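Engineer: First, the structure itself, so that you have it in front of you.
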Amino acid sequence: MRLAFCGNDNASAYNISAGVLRNVCFVDALNLVPHVFLLFITFPILFIGWGSQSSKVQIHHNTWLHFPGHNLRWILTFTLLFVHVCEIAEGIVSDTQMKSRHLHLFLPAIMGFVAATVSIVYYHNIETSNFPKLLLALFLYWIMAFVTKTIKLVRYCQDGVPFSQLRFCITGIMVILYGLLMAVEINVIRVRRYVFFMNPQKVKPPEDLQDLGVRFLQPFVNLLSKATYWWMNTLIISAHKKPVDLKAIGKLPIAMRALTNYVCLKEAYEEQKKKVADQPNRSPSIWLAMYSAFGRPILLSSTFRYLADLLGFAGPLCISGIVQGFQNTTNNTNATEKVKDPSNSYLSSEEFLRNVYVLAVLLFLALILQRTFLQASYYVTTETGINLRGALLAMIYNKILRLSTSNLSMGEMTLGQINNLVAIETNQLMWFLFLCPNLWAMPVQIIMGVILLYNLLGVSALVGAAVIVLLAPIQYFIATKLAEAQKSTLDYSTERLKKTNEILKGIKLLKLYAWEHIFCTSVEETRMKELTSLKTFALHTSLSIFMNAAIPIAAVLATFVTYAYTNDKPLQPAQAFASLSLFHILVTPLFLLSTVVRFAVKAIISVQKLNEFLLSDEIGDDSWRGGDSSVAYESCKKHTGLHTKAINRRQPLRYQLESYDQPTRKQTHPVEIDDIAIKVVTNGYFSWGSGLATLSNINIRIPTGQMTMIVGQVGCGKSSLLLAILGEMQTLEGKVHWSNVNETEPSFEASRSRNRYSVAYAAQKPWLLNATVEENIIFGSPFNKQRYKAVTDACSLQPDIDLLPFGDQTEIGERGINLSGGQRQRICVARALYQNTNIVFLDDPFSALDIHLSDHLMQEGILKFLQEDKRTLVLVTHKLQYLPHADWIIAMKDGMVLREGTLKDIQNKDIELYEHWKTLMNRQDQELEKDMEADQTTLERKTLRRAMYPRESKSQLEDEDEEEEEEEDEDDNMSTVLRLRTKMPWKTCWRYLTSGGFFLLFLMIFSKLLKHSVIVAIDYWLATWTSMDNANEVRNVDDINSTNKTYHVAVFSILSGAGIVLCLITSLTVEWMGLTAAKNLHHNLLNKIILGPIRFFDTTPLGLILNRFSADTNIIDQHIPPTLESLTRSTLLCLSAIGMISYATPWFLVALVPLGIAFYFIQKYFRVASKDLQELDDSTQLPLLCHFSETAEGLTTIRAFRHEARFKQRMLELTDTNNIAYLFLSAANRWLEVRTDYLGACIVLTAAVTSITEGPNSGFVGLGLLYALTITNYLNWVVRNLADLEVQMGAVKKVHSFLNMESENYDGYLDPSQVPKDWPQEGEIKIENLCVRYENNLKPVLKHVKAYIKPGQKVGICGRTGSGKSSLSLAFFRMVDIFDGRIVIDGIDISKLPLHTLRSRLSIILQDPILFSGSIRFNLDPECKCTDDRLWEALEIAQLKNMVKSLPGGLDAMVTEGGENFSVGQRQLFCLARAFVRKSSILIMDEATASIDMATENILQKVVMTAFADRTVVTIAHRVHTILTADLVIVMKRGNILEYDTPENLLSQEDGIFASFVRADM
């Protein structure tokens, strides 16, 4: 059969006698002309253009879309392409009904399709390279196409083709589309004037695209790239080569920045405030504000969602049509086909849609569209959610900066609440926004689904729907229970963490006293409670998973059984599979509904909390909340010169400069108070918001450029006075006047250089930022090296800075190094000194400093540095010995000013007070002499050094996984790193799975496989049943039918029942296995860590170990099991679906190969990028939360310094950084989902085509399609879960790296029963040739030490730092590796003893006093072995008895964490009592007196002499004079003993080391 354009079965095809345009074939040929024209013109231009593409350097401009009508053009072109596809299909279907090929039916359509594609490609290239003149080609094309199509349409009208004919409709639509595209093109010419006009319009790209830092291009790319996230490809592929970092993701576009959105939301909220201003009991609605600020995108997203949901129903309808068509063709094969007459070759739409292949293609297109719309809806909500979160965070932050201090201190708004607002409530609202479109899309989806079901199956469909609806509330109930369980789990885990933290902090003591097991059990107890609530959590999780899987099975069962018994007609495959598919669609919204309702409830609560917070009291303009506000305001106006602080506080500097211009201020300035900086007049009464005045009757003045001291007893209102002056307290009466200090300075320039209204303030409780030391001191001022050096010297910070690993660039705070109180306080004082402000407020800067530092600070910092600068200083202090330095003194008592004046005035007027001060001063001077020896700072530095540089080398955990090491190695060749970045951690997964036990693992795998086989069997049975019924129907055998029906229904019911039961079993086993694994991993980890060598704790940062117990354990407990469940479920579903389709049509496997390869690459690239982006999201969240809590803690300081603007800026930066990371993460998820969804659509298309051509019977065609449709839903879950699991397995890996650690060797050669009960009785110690090292790869720290200590001797050991004194004391307890020589105590070599026995028989007092939270009884005797009398005796010896007696509960009085409720000295005495309680004949004191004052030390010495008279005491001395009374002194140097004799003998050797030590110490 020869091919011919017009077909060769019709002689009149080439006849033009009736006029050229009357010939159908000619008109079709005419339609080819414009398409060919376009291709000829554009191809050369495109090729030349692509050749010179490399000239475009700036990445952004090729995404710049600036021709008007851009989106409309894309939409019209896509519609045009779709119509072309319809035209092609219609032509081909018509052609199959002819005798010979008629190319003119479909060839022009195919060319049209190609031309339309080329037009959009061409347009895109012109737009990005900005050559608008070339658009003329397109313009001509649209005109020609429009004309030729119109000719065709007119011709059809003349022939009287009815409107119901498909070809007529298509032609009509095309005319409209070409017309619209022509209009779009004309509009571009009109706006841009690139041709026919004299002056073309110049355009500039938007700001974001000019900024190369903006890498998030979603808002700027074309529609196709927007829909498929094509622009993400570069990022996701580059992630493979090098990790994604903050630089790679760039900045947020302007429209999404927190500031932009904050302004929107703020304006909307202010509108709401205005509305309710006159109704005092109504609060402004945040909901309405959010709606007016972010309503439009939400509506857009909902529209997308509706479109996607409606397109979703195309699936079932197409399945039904295909199966029906397939059935008809198989049934009608023997009917004769009628051949159409060529002259009447028109198809009606119904006939067209009856063609199965057409339906398959339609199904494919519908799926692609549905998925695109769905992802677009998700993206828009995500973006809006992120914008909302940014705006809310900025609102909360601005409010925090204006919160009244009384609110924070009176506990109306605790820091915890503020942190919750930031961390929880804003995220709740964001999540609610994400799920928002579901709220209104779901009801529509459900109603549509039920209507379609009813059409398919009649009444029985309602039965199934009823089952689903009745079971949905149970889902909601389970969801609420889940939330409760999670909360209680959280409480227990917080408690467990607190206990673990204590253990880790006091680990040295626990080991030395052999108490590890007691504390370990207490943690295990809490862990058991936590696991119990985790069990309920797991149970409810598995129930919800089970409900999810079982509801559709139950619904289908109910429906089909009802149908079988109520309808006479057997079930058709088309009905069966379409309704199955509908049930699948219905379950999703019902399952989600419970989640959405829960989130809606949470969101309502969050909004209430937010509103309360936003309406809480503020500081500032209304700080005169007294009755006569008008009067106060009037007087304010009078004193323009002395304008109140309150007014200025709220306005940034520039407004102040504008509103109070200099001249007026000059005149109203009374001369006599020129030298007064601040004056509180007219009986100031100030309160902390309770209405009761904390400060009353205050009239004070603070002279300029001088030092004012505020003194008084504890709690008499000194700090409050400072805060009142700063405007932080509520003023009940009176005012604070700030005079313009700079009047005295002649030049205006000098006055400009200092920030006039800012006050450098150092609070009593030091407040530091999580930043470097330098940033903390500079605090946003310009860096001046000289000044910085002067300040650090004055605060003697240099030695401390030298100790830090990176000097003053070391991070301090939550993530960095923890400093001691004194060091923190000195940094705060340094900050106040460094700032260039006129006024400095120091609130008790000496409280945490020892005497040397205080003196140094007073001399260098205050008297020299501040006075030279002529700065006004207000100093609150208890140290009366500095009173003579003061220029002005304010003495306070009970919230009132007792006296005010110079020291002379007070000496003359109030002799009593002066005498009182004098006695106090004397007492302080005596303490001073004592204190000269108690050098606290050296101790602080020592602890810092210990924290920073653990003994010897810092060899990290060598036994971390090899993989880990390769990852760390930056210089390692790229290929291995790449391999590691793409490799799934299978080894770790296997470890995790086996840690739950092999039985559970086997049970899980077996039940999973069985469940999926049963589910497949159910559908398979349905297919055979329905196909069989059809065969029966043809033969009309009734009696067989009824018995068959019962048989089929019975098998179907049994299978469904089994499926439901198996669903429950599998979901339970997975959760159960996860729990067991979590339990075992935590148990092993805890025991391993507690038994680890002390060296491990020296070299591993505490935070790192704690992380294993907090974050990692939490992931193992709560996140891995559901991820694992979801992963196995979706993988098995996909596999069973592929298996089922291949079984029905083996040819499908051939088509599967390329799809499989594509899927492999997509998941491989995605996993790497997703992991990086997830880490970025996590790591950027922490600084943001820290910044909020820091700000809330340091409010007074920030406000005094007037640094609100800088902190706001920082907050906006942090928010934007976190938001961009989150935005990229969600864009990456969209990228993946679009790709997997399109793959799924391809699978559906191939499955449909292969099953139609090859399918055995209609039932299996339906089955294949049903499964192909489920694949589309589950493919992206496979990848997402894989990526999540990979990240979560990191936690297991980290825990495992600790589990490979060496433990201490606890077993000795001797059995504990062989050791005498009362060993060591005498306390005789022989040290023979002892060599000690910390680890077998390190140098020895003690070399061949020999000594003999008689029973009951008091021995002192001294030497410089690092001489091995402490190592010797640790050697007694075998805390270090004794590799040569031995220590014999009372005849037993200690290396043969079990560790526990050895350590429980000796006692030691450590340098740092450690107490645990619990009762005093627990601290003295955790093993509960002793009687109360024994404990009281110990307390009496330690001189603590009276103090403990006075506490509520006596021995059962509580000790807070770390013993914070006792002073350092008292804590050390408790440790002494603890050592006494353990009746051991050997006591070792390791520098025990270093951290206590003289008084306590004397007590200690006395006790050692009396209470421990008959015991052997080894003292390691920090200060030599403590061991002058000893019986024997050992002087050590570099691990060797240098001198060994009685102190008297050693002192007589003039040139001896001991003698030189004593001289230096005197």
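Backbone N, Cα and C atoms are what each Cβ position is placed from, and that goes for glycine too.
According to TrEMBL:
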COMPBIAS  958-973  compositional bias 'Acidic residues'
DOMAIN    307-602  domain 'ABC transmembrane type-1'
DOMAIN    671-919  domain 'ABC transporter'
DOMAIN    1049-1286  domain 'ABC transmembrane type-1'
DOMAIN    1325-1559  domain 'ABC transporter'
REGION    950-974  region 'Disordered'
TRANSMEM  32-51  transmembrane segment
TRANSMEM  72-93  transmembrane segment
TRANSMEM  105-123  transmembrane segment
TRANSMEM  135-153  transmembrane segment
TRANSMEM  165-184  transmembrane segment
TRANSMEM  352-369  transmembrane segment
TRANSMEM  429-453  transmembrane segment
TRANSMEM  459-478  transmembrane segment
TRANSMEM  577-601  transmembrane segment
TRANSMEM  989-1006  transmembrane segment
TRANSMEM  1047-1070  transmembrane segment
TRANSMEM  1132-1162  transmembrane segment
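Tell me about the setting of these features in this model.
Structural biologist: When Cβ-Cβ distances below 8 Å are used as the criterion, the transmembrane segment (32-51) is approached by residues 107-108, 111-112, 114-115, 118-119, 121-122, 125, 129, 134, 137-138, 140-141, 144-145, 148 of the same chain, each at least six residues removed from its ends.
Residues 105-106, 109-110, 112-113, 116-117, 119-120, 123, 166-167, 170, 173-174, 177-178, 180-181, 184, 222-224, 347, 351-352, 355, 358, 361, 365 of the same chain lie 6+ residues outside the transmembrane segment (72-93) yet bring a C-beta within less than 8 angstroms of a C-beta in it.
Remote same-chain residues near the transmembrane segment (135-153) are listed as 21, 27-28, 30-31, 33-35, 37-38, 41-42, 45, 67, 112, 115, 119, 122-123, 126, 168, 171-172, 174-175, 178-179, 181-182, 185-186, 188-189, 194-195 (criterion: CB distance under 8 Å, separation of at least six residues from the stretch ends).
Through the fold, the transmembrane segment (165-184) approaches residues 69, 72-73, 76-77, 79-80, 83, 86-87, 90, 94, 139, 142-143, 145-146, 149-150, 152-153, 156, 346-349, 352 of its own chain, all at least 6 residues removed from its boundaries and within a Cβ separation under 8 Å.
Long-range neighbours of the transmembrane segment (352-369) within the same chain, counting only residues 6 or more positions beyond its ends whose Cβ lies under 8 Å from a Cβ of the stretch, are 82, 85, 89-90, 93, 166, 307, 311, 314-315, 318-319, 321-322, 325-326, 329, 1237-1238, 1240-1242, 1244-1245, 1248-1249, 1252, 1272.
Below 8 angstroms of C-beta separation, residues 449-450, 453, 540, 543-544, 547, 551-552, 554-556, 558-560, 562-563, 566-567, 579, 583, 586-587, 590-591, 593-594, 597-598 of the same chain, each at least six residues beyond the ends of the transmembrane segment (459-478), sit close to that stretch.
With a threshold of 8 Å between CB atoms, the same-chain residues lying at least 6 positions outside the transmembrane segment (989-1006) that come near it are 1066, 1069-1070, 1072-1074, 1076-1077, 1080-1081, 1116, 1120, 1285, 1289, 1292, 1296.
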Engineer: Of the listed stretches (307-602, 671-919, 1049-1286), which one yields the highest count of Cβ-Cβ distances below 8 Å with the domain 'ABC transporter' (1325-1559)?
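Structural biologist: Going through each listed stretch, the top one turns out to be 307-602.
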Engineer: Apart from its near flanks, which chain residues at least 6 from the ends of the transmembrane segment (577-601) lie with a Cβ under 8 angstroms of it?
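Structural biologist: Counting only partners 6 or more residues beyond its ends, the transmembrane segment (577-601) has Cβ contacts under 8 Å with 312-313, 315-317, 319-320, 323, 428, 431-432, 435, 438-439, 441-442, 445-446, 449-450, 452-453, 456-457, 461, 464-465, 468-469, 472, 475-476, 478-480, 483, 547-548, 551-552, 555-556, 559, 1019, 1022, 1262-1263, 1265-1266, 1269-1270.
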